[in-house]
Ligand SMILES: C[S@@+](CC[C@H](N)C(=O)[O-])C[C@H]1O[C@@H](n2cnc3c(N)ncnc32)[C@H](O)[C@@H]1O
C-alpha cells in the first residue's frame, strides 16, 4: 500500500536538501550548433529573432594559416536560439513577456541579452512574480541588476526565496531553490505534500498546491500557449475553459519507468554488499529535479497502488542481481487487468498472450483484478468505461486511466453537442445540421478514440505509425465485438490516411488528431484541409505544438478554402489534467468547418 507521507515541516526545511550538482554554465559547441527546425511558412516568428553573440574578450588576434582558420571557426559559434515550441522556447517566451517587449528589444539592440548579471553559484534573494508554463517560478532580478529573470523550481508567486544560480541563458538564469524565506500561505501548504521525495525528485512540481490552484495554473498554460505559439489574433481564440480535473489525484499513474545505473568502476566485488541491504551507490528511482542524476526512490504516491506493491520486490531483485548488469536499465511497471480470477499474484511478468476466445462477454467487471506488468514484451489490459483494451507493455497508452472516460466523453460531446442527434444515440432527439457518420482517428495508437466512440459512427478509419499499436487496435476492435468492416486500422504516417478515406462524405466526417509531443506537420495539415471534414478534435499532450498547428490550420484553411467559401474556426479550447501534482496539461481543441463570413460589399449599398 502507498503510505500517505504528509510531513509537518517548514517549507524551507522541506527544500533545504536540494544539493550541489555539476552544471554547464555555457552551451557546448554541440548545443550551439544544433540545427533549428526549418520554420513553417505559417509559424509565428520567434520572439527577439536576432541574437547578438558575445565577443570573447580573451580571444587573441588569429595567427596565419591553419590556426587562423581554426580560430575563425570558433569565432563563428553563436548562441543557438531554441527550436520553436521546445521547452527552452516555451520558457523564453514567458521570460520575454514578463520583462516586456520594450525591455527585451532594448537588451537585444544593446547586445546585452546574453549578459547575465549572475555567475554560477551566486546566491540571490528574490521575490517570485509569476509561474512559468514549465511549472517553475519566474522572478525579476532585483535592482541594481539589469532587467533579468531567474527561473526557480518549487517556488510560488509572492514568495521570497533564496536561490543559487547554476545556468545562464538569454535574459534569464536558472537557479536551485535553497530556501523559501517567506512562503505564500494562500498558495503553499506543505501538509498537502504526500511524497517524502517531493522537492528533490523531478517528477512532481505542485504537491504543495490545492488541486483547484493546480487546475487554474494549467488553464493559464493553455491561454499562454495560444498567445505565444498560435500566431492567431485574440479574436480567433475562444476563452479557454476551466481545466477538467482527474478523478484520482494520487495513485493514478498506470505506468512508471524508474531507472538505475550500473555499479561505479571502483566497486569491484559482489561480496561487498551485505545480504539483504542495498548499497548506497545503487540508486533505483527517478531523476533529481532539473538533473539527470538518478535518486533512490522506494515508492511513488502518484503511481497506482498495484505498481507500488510490485516495485519493492522488483527493487530487491535488482539489488540481488546488480553485478550482472553491464549497463544502466529503465524498468517498466504497468498496471494491468488480470483476466484469470483464480490468480493470486500481484506481479506477473509472463502474462499469456491475448486469448482469441476472450471477448467482452466473457469478462465481468467484478472479476477484474489489477496486476503489475514488468515485462517490456508483456501485454497490458485496461478498461475504459464499457470497452476493453489490450496493448503491448512498451506501447503508448494514456497513463491515467481514471480520466479516460471523462476525456473520451468530452470529445464525443464536442462532436455531438447536446442539441444534435446521432444515428446510434437513441436519446438524441433534437434535430441539427450536424450528423457525423464517419470518423478518422489519426495517430490512433491502439484505438482509444476510435473504439470508445464507435457506437456513434457508422464507419471508422484509424492510422498509426507503430506496427504493434496497429495490431493492438485491430485486436481491440475484435475484443469489443465491433462489426467486421466497421473499423479499419492502417499502419503508416498520419498524412497517408486521406487517400484511403476518399469515399467518406466530407460533411459527415469527423477527424481526431492526437499526435506525439512534437505535434503534427505541414504535410498532414495540407491534406486535412484538402479533405475538408466537418469537425476536427485535436487532442494533445503538448499544448504549445498544438497551438502552433491550430494556428497553421486556421490560416491555411482561410487561404486554401477561400474558393469554396469555407474555413475552420477554433470553437473551443480546454485543458484536461492527466497528470495531477505535475505541471503537465493535456489540451483539447475543437475546430469546426464553417461558411466563411462574406466581406460586406460596400459598393452596392
Ligand atoms: C499521443 S499518442 C496517441 C495515441 C492514441 N490516440 C491514444 O490516445 O492512445 C501519439 C501516437 O502517434 C503515433 N505516431 C507518431 N508519429 C506518427 C506519425 N507520423 N503518423 C502516425 N502516427 C504517429 C505514436 O506511435 C503514438 O501512438
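Using N, Cα and C of the backbone, Cβ positions are placed for all residues, glycine too.
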Given TrEMBL lists 443, 464, 514 for S-adenosyl-L-methionine, the same-site residue among 398, 527, 558, 581: 398
Any further residue of that chain within 8 Å (Cβ to the Cβ centroid of 398, 443, 464, 514) of the recorded S-adenosyl-L-methionine site: 396, 441, 444, 445, 448, 449, 515, 516, 539
Cβ-Cβ distance under 8 Å to residue 514 (S-adenosyl-L-methionine binding site), same chain, at least six residues away: 441, 442, 443, 444, 445, 449, 538, 539, 540
Residue 541 (active site, nucleophile) and residue 398 (S-adenosyl-L-methionine binding site), Cα-Cα, nearest whole angstrom: 10
Nearest-integer angstrom distance between the alpha carbons (Cα) of residue 464 (S-adenosyl-L-methionine binding site) and residue 541 (active site, nucleophile): 17
Under 8 Å by Cβ from residue 541 (active site, nucleophile), counting only residues of that chain that are 6 or more apart: 516, 517, 578, 584, 586
Fewest Cβ neighbours within 10 Å, where candidates are the binding-site residues 398, 443, 464: 398
